[in-house]
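**Student:** Sharing the feature lines straight out of TrEMBL:
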{"type": "BINDING", "residues": "A:Leu126, A:Gly147, A:Cys180", "note": "S-adenosyl-L-methionine binding site"}
{"type": "COMPBIAS", "residues": "A:205-214", "note": "compositional bias 'Basic and acidic residues'"}
{"type": "REGION", "residues": "A:194-214", "note": "region 'Disordered'"}
2 protein chains.
Amino acid sequence: MRTFVVVGNLATTTPDFSLEDIPGTSGRLDILCRCINSAFVLSHGIRRDVEVYLILRKGPCPKTVHLLGGELRHLNPDERTTAALLKKALALEADSQWRRSTPGIFVRAGDLADLLPRGDETAYYLREDGSDHRGEALASDGTFVLGDHIGLSEEDEAFLEGLGTKTVSVGPKSLHADHCIVLINNELDRNEPIVRDGPVAPDEMGPRDERWTK
Amino acid sequence: MRTFVVVGNLATTTPDFSLEDIPGTSGRLDILCRCINSAFVLSHGIRRDVEVYLILRKGPCPKTVHLLGGELRHLNPDERTTAALLKKALALEADSQWRRSTPGIFVRAGDLADLLPRGDETAYYLREDGSDHRGEALASDGTFVLGDHIGLSEEDEAFLEGLGTKTVSVGPKSLHADHCIVLINNELDRNEPIVRDGPVAPDEMGPRDERWTK
């Protein structure tokens, strides 16, 4: 399972925002909506092997929204319908237990530190001055932590450093989180064995298709 | 200059669509809005060396909208404000001459065949069964043609073949056009010389930074 964790420093924890002005009324939930699109949306379907955690911090206490590719329904690629799904999730009461909002979308109270276990060796922090991810042999079941337009705080970064998280970058330009997710997904796609005609047992898988592993 | 050309087969040529339901009322202008975001938006600015042509085909006659990175203003990353800019451009009378709508956005009547010159050797057609773009040494001033959710027609493909366009793909999964643009931009970024402290003359540029050219 690929996991993306996106921190929304100013993102609202309440449903009191306007779908007519998402960037202006929700603390930039539009950024998180685009991250959801990048994480899950394929031309003809949803990535079932991906999950996303959104950390929303603007409110009395932080909330975490969990989107699970294998169970997601009603996900369209546009920002507005994704924001409407988040609005519904944020209308639920949130405590330390996960509550299901719509299929594949869950919410609870909690911040980044409640989510990531200490000692996860396949966690990566995406930052523009990290080492190039193409040289890192990214774990196929890795966890990728990204910040919104503000980025992560020194406290967040110290926490990730304590976990042993590797700091990686996707290229020479500083990009929005949603574009970084597209690039990470593509890199992991290229490293996967090619599976044709439905699921096969691991020992039936052929060698990696060299066309995609340059 | 990098050029992206995106064909919107069902995209409206009129401003009569609703910003409250862009996917449902505009013939999927939302796809084209996300392509604009992918083409231009950086973390802290706009790509000035990029231009985008949108081919809109739903209406009495096709229209082309041209967005020029070097002149663009008022471009925000969210879909709705981008759609509002397109709505303004589509309200203009369109004939064979380019007319400016807002800074960096121009419109005229015309289709794909009116845009691309015959014999352009640096034109690429993005299709899922093309050869891997990482092996192609993409031209830094290339033109990249993409289809919307429907793709290009056989007639379009025959036209591109007549131009000598190379068919390339971005990876093993079939992706939306906006995700393809992110991947092409990243590949071209990696091939660029690193320029620090403002513009320098070509002979002052150092060798390519090996960190980004793996």
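Each residue, glycine too, has its Cβ placed from N, Cα and C.
I would like each feature placed in context: is it buried or exposed, what are its neighbours, and how far apart are things?
**Tutor:** Counting only same-chain residues at least 6 apart in sequence, those with a Cβ under 8 Å from the Cβ of A:Leu126 (S-adenosyl-L-methionine binding site) are A:Phe144, A:Val145, A:Leu146, A:Gly147, A:Thr167, A:Val168, A:Ser169, A:Val170, A:Ala177, A:Cys180, A:Ile184.
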**Student:** In which DSSP state, out of helix, strand and coil, do we find A:Cys180 (S-adenosyl-L-methionine binding site)?
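**Tutor:** Looking at the DSSP assignment, A:Cys180 (S-adenosyl-L-methionine binding site) belongs to a helix.
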**Student:** Give me the largest Cα to Cα distance among A:Leu126, A:Gly147, A:Cys180, the residues the record lists as binding S-adenosyl-L-methionine, in Å as a whole number.
**Tutor:** 11
**Student:** So which one is it: of the binding-site residues A:Gly147, A:Cys180, which has the fewest other Cβ atoms within 10 Å?
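**Tutor:** Sparsest of the binding-site residues A:Gly147, A:Cys180 by Cβ contacts within 10 Å: A:Gly147.
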**Student:** May I have the list of same-chain residues other than A:Leu126, A:Gly147, A:Cys180 whose Cβ is within 8 Å of the Cβ centroid of the recorded S-adenosyl-L-methionine site, in sequence order?
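**Tutor:** My list of surrounding residues reads A:Val6, A:Tyr125, A:Arg127, A:Phe144, A:Val145, A:Leu146, A:Val170, A:Leu175, A:Ala177.
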